[in-house]
Amino acid sequence: MRPRAEPTGAGPAAAPTGPASQTASPDGATLDPRDGTPQDDRMLAVSGAWRAGVDPVGRRRFAELPGPLRLERGGALAGVRVAYETWGRLDADAGNAVLVLHALTGDSHAAGPAEPGHPSAGWWDGLIGPGRALDTDRLFVVSPNVLGGCQGTTGPATTAPDGRPWGGRWPEITIADQVAAEVAVADALGVRRWAAVVGGSMGGMRALEWAVGHPDRVGRVVVLACGATATAEQIGLYAVQVRAITDDPGWHGGDYYRLPTGQRLTAETGRGPDAGTGPAAGMGLARRMAQISYRSEEELEDRFAARTRADGQFEVASYLDHHAGKLARRFDAGSYVTLTRAMMTQDVGRGRGGFAAALRACPVPFTVAGVDSDRLYPLRLQQDIATLTGVPLRVVHSRSGHDGFLTETDQVAALVHEALGAI
C-alpha cells in the first residue's frame, strides 16, 4: 500500500447490497439514472463534503487500505481510504515522524493558508512549520482526516464500492476504528513507530487510543482537552446534537445526498428553503449548541452580554448563526452524526479492564494538558489521565473554554515544544 497524491476511487472490496446502475456525462461526471442529473451537483446541494474528482485536491495525499477494515462493533468496512497531509521530510530511519490528530470538525489541513481545496487556513498553523513547536526543519508531521470525516477520508458522504454514497448504510464506528485506519497511514508511509502522537479534543481521544492500543508504535503522546471515557453530561449534550440532525425532515435516514435538483443550501445561515436541502437546519442547530459548550461563560458574557443588533437580534444569537452557516459550507451532517456518536462511545478502557487499569498499564510517556475554563472537558478529566499515567497536569490558561487548545497558540506551543524537544 502506498500513499497517493491524487484522488482515487474506492477499492474493489465487497460492496453493500443494492447497486445502482450509472451512466456518465461527456465530462465524465456520474449521472443519476433517475433523471440524468450529475450526482456531484446533488452533493453540492446538501453537503459541504469534499468531493473527489470535483473539488481541488489541494495538499491532500491518500492511503488506501489493502482490505476491508474490521470494526470494533462487528462487520467490516470495504474500500477505505484516508486523506492526509504532510510537512517536513521523513528521515531515512523514519524516526522523526509526528502524528497530529484533529478534533470533531477539523480535517487534514492542520497548517498552511486557505487555498484551492482548503477553504480555511490550517487549524494549528501557529504550531507547525520551520522553527515552530512542531519544527518541520527536523520533524516530519502527518495530519490525517479522520475515518468517518468528510474532507477526503471515507465517510458517509463518500462513494461506497457499489458506486452510491454510503449514506444511511454507514456503520457505527468507534475511536478504536478511527485509529485502526490511521495505522494504515503509518504503514503506507513506512513509519513503524511515531516519535510522538499529538491531539486535542477528539484528536486527544485518538491519541489516547494510539498509546493504549498500539504502545509499540508510539514514542510519546501529548493529550489535550479530553477525557479517558465519555461522561454522562457529554453523552447528553452530544445526543441532543445528533437528534437535532436526525429529526430534521431533510435527514431521510442519512440518505439525503441525491435529492431532487434545484434545491440548494443557504450557506449564509446554514438553513435551506425546504427539506430538499438535506438536514442543513438540523446541523445548524447542532453547531449552535456545540459552540456554546466550546466557549466559556465568562467569555460569552464579556463579548455579548444581552446586547442586540440594530435588527433586534441578540448579538450572541448572531454569533451562533455565523458559526452554523460557516460549518454548513465545509462539513457534512452525516459525518457530524457518525463522529459525534464515536465520541459518545469513547472509552479507552473498553475490553481492557476499565480506563484506570488501561492507563496504569500503558508504558508510553505522556504529556497531559487541559484548559482551565473548559466546561465540556473540565480539568478533572485530564487530571485523572495525568494521575493514572504518573505525570503532572499541565494547565492552559484561557477565557476561550474548550477551544483554548486551539486559540492559546503560545501556551500550547510551549508544552508541545517541551514534550518533543528530545526528538
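Cβ atoms are placed via backbone N, Cα and C, with glycine included.
Per TrEMBL, these features apply:
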REGION    1-41  region 'Disordered'
COMPBIAS  7-26  compositional bias 'Low complexity'
COMPBIAS  32-41  compositional bias 'Basic and acidic residues'
DOMAIN    96-236  domain 'AB hydrolase-1'
ACT_SITE  Ser201  active site, nucleophile
ACT_SITE  Asp374  active site
ACT_SITE  His402  active site
Quiz item: Can you tell me how far the Cα of the residue listed as 'active site, nucleophile' sits from the Cα of His402 (active site), in Å?
Solution: 8
Practice problem: Specify the count of other C-beta atoms within 10 Å of the C-beta of Asp374 (active site). | Solution: 27
Quiz item: When DSSP states are folded down to helix, strand and coil, where does Asp374 (active site) land?
Solution: coil
Quiz prompt | Inter-residue C-alpha distance, His402 (active site) and Asp374 (active site) (nearest angstrom) | solution = 4
Self-check item: DSSP-assigned states of the domain 'AB hydrolase-1' (96-236) in counts, ordered helix, strand, coil
Solution: 38 helix, 30 strand, 73 coil
